[in-house]
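S.K.: I'd like to ask some things about the structure below.
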Amino acid sequence: MFGCISCDGSFVPLNSVWEDTLGFTELELQNQQWWMFVHPDDRQQTLDRVEKVETGERDSVIFENRFQCKDAAYKWLRWRVTKAPEKQLCYLVATDISQQKRLEARLKESETRFQQLAVKHVQEGDLLHTLMENTPDHIYFKDTESRFIRINRSLADQFGLDNPADAVHKTDFDFFTREHAQQAYQDEQNVIESGKPIEGKQEKETWPANEQDTWVSTTKVPILDRDGRIKGTCGISRDITEYYRAQQAVRDSEVNWRSLVESVPDIISTIDLDYRLQFVNRLPPTLELKPEDLVGKSVFDFLTEEHHERFKEACAKVIETGELATYEIQGLISGYWYASCIGPIQQDGELVGFVMASTNITDRKQAEIEVQHSEERFRRAVLNAPLPIMIHAEDGEVLQISRAWTELTGYTLEDIPTISKWLEQADSQEAEEIKAHLAQLYRSTERVAEGEYVIITQSGERQIWEFSSSLLGALPDKRHLGISMALNITERIKTQKVMQQAKETAEYASRAKSDFLANMSHELRTPLNAIIGFAEILRDELVGSINAEQKECVNDIHISGQHLLEMINDILDLSKIEAGKMVLQLETFSIVEAVEEVNAIINALAVKKNLDLTFDL
């Protein structure tokens, strides 16, 4: 069982074995005066031993006492108390030795019985017999060759012999493994050669593979004859297997405790009510300081100034509630960030200080800061975007709008805290349709194009916006986050309407022109055909003969009429071309005739203006 005690007697258990052994929970033991659980008869001796460590007289002490359990019973514990390097705490390791004590009590009872029997039989000369038959220890006598001369009943039982006499002339090699037997033989020969006893040697008895090894405390002394010559050895071995295992458990516990202290990455510290450090288990490797250098100094010497008040607030919360308070702090020297848990230290029910465990979260904090910077850059980009942009959550909360949105509509974020409020302010006729599109957005990962909608600005102006939305991700509270962008297409729609009206006007004018040309062509063709017909009658002398000069004039009339008819047909063809209905036809014609027709058409005008036309073909 691992724990630590402060100089004021406050007790802090550090593992769950306390509850398994004593029945008390960790909370029931924490910050209690540990010596109050010690049996009254053992209490003063215990305090005296611990005081030697606290005053520096001893680095560590080992002692035993009776410790009260939750059911009011007492258990025997062996304690090892060691002064912590920080001089403010003592580390302790406690081992339950109740079983060992019971064994020792039985041994003591056996020894008492043996003594009583020895006294009883001393006058009868049966002292040795009584000893050999009743003591639980293993007693044996050997000659100079390490052969058994006599063994007691307890050892015979251990060897599996019905009669102790069956061991006579045998050796340890007949009962133990060769390794152990050889060591025992060597020890006995050393006693014989030196004449010096071996006292209290702890050794491991290794039995054949089908038996469990045991530990004994062995004493071997030489046997002397009347002349003082060594004629053998006498040995007494006491089974200390349970005691050895208890000691080994203590050693293992100490190793585990040492490993725990050395391997815990967190910084554990205690602080008094004046915010001065009393104990620090470790420091960041980058600091050129030792934990003991911090003892007695103010905790604020190692925190950035902005965290001073916050740290006091966390301690105030502990004082007010008596519960743990969590807090994030930044070291002044190292610059590292720590997630700290602050708890109370109590003595006799009164708060005497704080204990703080701090975990290095610098990497996480830097990542959070980078995320905050990224979010801030995104917010600025949205705020200064040239387009109307809205950031919103799936529950309808509006988180941000761009300046362009406010400039175009007159509404600020305070005016439209929700989508519903925005649709109400904008007096949108398609509010339900827009909500349906946004609901679709939160169910999909694809971009949603809502289309064109009419919105009403704060000034009452009607504008047409084209909306599209996309998902951005999720907020820390798991709500989905969306972004909606709009394009003000009011002027574009107006331009399109003007262009459409112009197109319709042009089409109407074109149709009117075509109708006019068609009507005019019809009206002109009728008299023109009459002129051409009468010219042909005169030319062909169907109504009488004409002279050559008259015939030439009639011919000019005919040619001009034909030309005018072709021009009318060309005008009609132009209308067909504009309508896209003209079919191109290639024809062969006479250039001479074409020139003569031109001459006939313009000759009269030339004569009228006294001009001479010359054609050279």
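Start at 1 and count along the chain as shown; that gives each residue its number.
Keep in mind that glycine also has a Cβ here, set from the backbone N, Cα and C atoms.
TrEMBL lists 8-57, 374-445 with the feature domain 'PAS'. For 196-252, the entry in TrEMBL reads domain 'PAC'. Here TrEMBL flags 519-617 as domain 'Histidine kinase'.
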S.K.: Write out how many residues of the domain 'PAC' (196-252) are helix, how many strand and how many coil, based on DSSP.
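M.R.: Going through the domain 'PAC' (196-252) residue by residue, I get 12 helix, 29 strand, 16 coil.
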S.K.: What does DSSP give as the helix, strand and coil breakdown of the domain 'PAS' (374-445)?
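M.R.: Summed over the domain 'PAS' (374-445), the classes give 38 helix, 11 strand, 23 coil.
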S.K.: Just give the helix, strand and coil counts over the domain 'Histidine kinase' (519-617), going by DSSP.
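M.R.: The composition, in the requested order, is 71 helix, 0 strand, 28 coil.
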